[in-house]
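Chemist: Feature table excerpt (TrEMBL):
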DOMAIN    125-194  domain 'Connexin cysteine-rich'
TRANSMEM  25-44  transmembrane segment
TRANSMEM  75-94  transmembrane segment
TRANSMEM  114-132  transmembrane segment
TRANSMEM  171-192  transmembrane segment
Amino acid sequence: MSLNYIKNFYEGCLRPPTVIGQFHTLFFGSVRMFFLGVLGFAVYGNEALHFSCDPDKRELNLYCYNQFRPITPQVFWALQLVTVLVPGAVFHLYAACKNIDQEEILQQPTYTVFYIKSVLLRIVLEVIAFWLQSHLFGFKVHPLYMCDASALEKMFNVTKCMVPEHFEKTIFLSAMYTFTIITILLCVAEIFEILCRKLGFLSQPVT
């Protein structure tokens with residue numbers, strides 16, 4: 001029985017009850033994760049090693065880098081992806097435990113409302129992540145960072161630090177903002193698809 005639950009959970013995650021939801025899974029699972037996993041490591045992988053300040057001392061570089069990056073972008077975006085997956089995973093786990101077929105989700109009002117709430121929660125989490133990203137990383141990576149190192153040693157005071165590959169990071173940052181916006185739009189479109197199906201404007205998807 002437990003294997004059947006796992007199978008239903010797996011199929012539910014890979015094949016949501018809406019067409020837009022299935023496209024969202026494809027977009028989320030392939031494009032966004034590939035972009036972050038492969039290109040993200042290429043752009044940000046050695047950032048701490050090439051981050052240098054004046055004077056170029058190891059302890060100063062580390063101190064200013066930690067000030068520049070309270071959290072590394074790769075960790076933030078990985079946490080964002082995992083967090084946004086949670087509402088859908090909880091719903092599909094519930095559906096698997098209740099032996100609910102994907103076709104039944106849009107037929108039973110209780111299941112439909114539960115599913116819509118999970119999509120709305122994904123939207124809220126994406127909006128929060130967008131806001132946090134804008135406050136942590138801004139919208140542009142500048143080539144110079146002015147570091148307040150007075151707490152480390154009074155002789156340093158405010159020092160200039162060079163940010164490596166700032167232009168590439170700006171492009172990547174813009175891409176991650178774009179992915180978040182696209183995901184939000186897909187979630188909104190999925191809710192509209194569900195409402196249109198309930199109102200009879202669209203036929204049920206072919207499975």
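A Cβ is built for glycine as well, from the same backbone N, Cα and C atoms used for every other residue.
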Chemist: Take the transmembrane segment (114-132) and find every residue of the same chain, 6 or more past its ends, with a Cβ under 8 Å from one of its Cβ atoms.
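Modeler: For the transmembrane segment (114-132), the nonlocal Cβ contacts are 17, 21, 76, 80, 83-84, 86-88, 90-91, 94, 105-106, 177, 180-181, 183-184, 187-188, 190-191, 194.
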Chemist: Can you break down the domain 'Connexin cysteine-rich' (125-194) into helix, strand and coil residue counts using DSSP?
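Modeler: Output for the domain 'Connexin cysteine-rich' (125-194) reads 42 helix, 10 strand, 18 coil.
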Chemist: Can you tell me which parts of the same chain pack against the transmembrane segment (75-94), counting only residues 6+ beyond its ends and a CB-CB cutoff under 8 A?
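Modeler: Distal contacts: 8-9, 12-13, 16, 28, 32-33, 36, 40, 100, 114-115, 117-119, 121-122, 125-126, 129, 132-133, 136-137, 176, 180, 183.
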